[in-house]
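The next block holds one structure in the form of structure tokens; read it before the comments.
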Amino acid sequence: MAEKTDNVVVTSKGTSPSLSSPSSLEAGKFEANHVENHSSQPRLLSDIIIGFSDGLTVPFALTAGMSSLGSARLVLMAGLAELFAGGISMGLGAYLGNKSEIEFYKRERYREEMEVDLYPEREKEEIYEIFAEYEVDREAARAVVESLSLRKQLWVDFMMKFELELMKPNDNRVWVSALTIGFSYMISGIFPMIPYFVMTNATHALFVSIAITAVILITFGVFKSYMVATSRKQIVIGAIETLIVGASAAGVSYGLVLGIDHATRV
């Protein structure tokens, strides 16, 4: 027998929220529509941001600095040389960095496998200590520890992730990362040089380059911040910060080249 009172159904088994309960309806709606929008390619996004941000600032700073010399052709040649050299350098740097990360992981994993073989009891104690950090008592963790100790590879995987805080790098990402960073650098770096392809006056080309680069920097800053920000305010701040960094790099470069040119003329 059931009696309905104030959105609560009373039954012989106890009380439970009615289907008409606002809280239960909202919870059900949330569970039905809930989608976890986590990025599946965080490293790829990181590589694009690294290459694109450097490509926007370094070639632009160089071309802005060279513009003080007055020759659009000289600026274009120097900018293209830096663009290709910088792209290749960034790509090679990413390749070597990823290779080193893989080699470091393999070395640490070999050492961890040796420790599991030679000092299993000590390694078990380290698992207990890890669980203790998450406020899991020893008795509750015992079954997990014993289960892991029967599977060496999973045991080592656990220790690598939670003790050493090392995630297994993807061997296939070595070249992907290198190409992504290198091409992102060259693609973004070409924007500041577009005016120098069609204009002969370096000063006029510089003003157009500044306008183009400012728009690209703000757009890129919004995109970059959108991927990591939690509010519109952070997106705006991120866009402004990107613009300030690019403008500062260009201003310093322009001033240095102008000062060096003036000093050599004296």
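Just so it is clear, glycine is given a Cβ too, placed from its N, Cα and C backbone atoms.
Lifted from TrEMBL, the feature list:
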type	residues	note
COMPBIAS	16-25	compositional bias 'Low complexity'
REGION	1-25	region 'Disordered'
TRANSMEM	74-97	transmembrane segment
TRANSMEM	174-198	transmembrane segment
TRANSMEM	204-223	transmembrane segment
TRANSMEM	235-260	transmembrane segment
List, by number or range, the same-chain residues at least 6 past the transmembrane segment (174-198) whose CB is under 8 A from its CB atoms? 43-44, 47-48, 50-56, 58-60, 63-64, 72-73, 75-76, 79-80, 82-84, 86-88, 90-95, 98-99, 102, 204-206, 208-209, 212-213, 216, 220
Residues outside the transmembrane segment (74-97) whose C-beta sits under 8 Å from one of its C-beta atoms, at least 6 past its ends, are 47, 50-51, 54-55, 58-59, 62-63, 66-67, 174-175, 177-183, 185-186, 189-190, 192-193, 196-197, 202, 205
So what's near the transmembrane segment (204-223) in sequence-distant terms, Cβ-Cβ under 8 Å and 6+ beyond its ends? 52-53, 56, 60, 63-64, 67, 72, 75, 188, 191-196, 235, 238-243, 246-247, 250
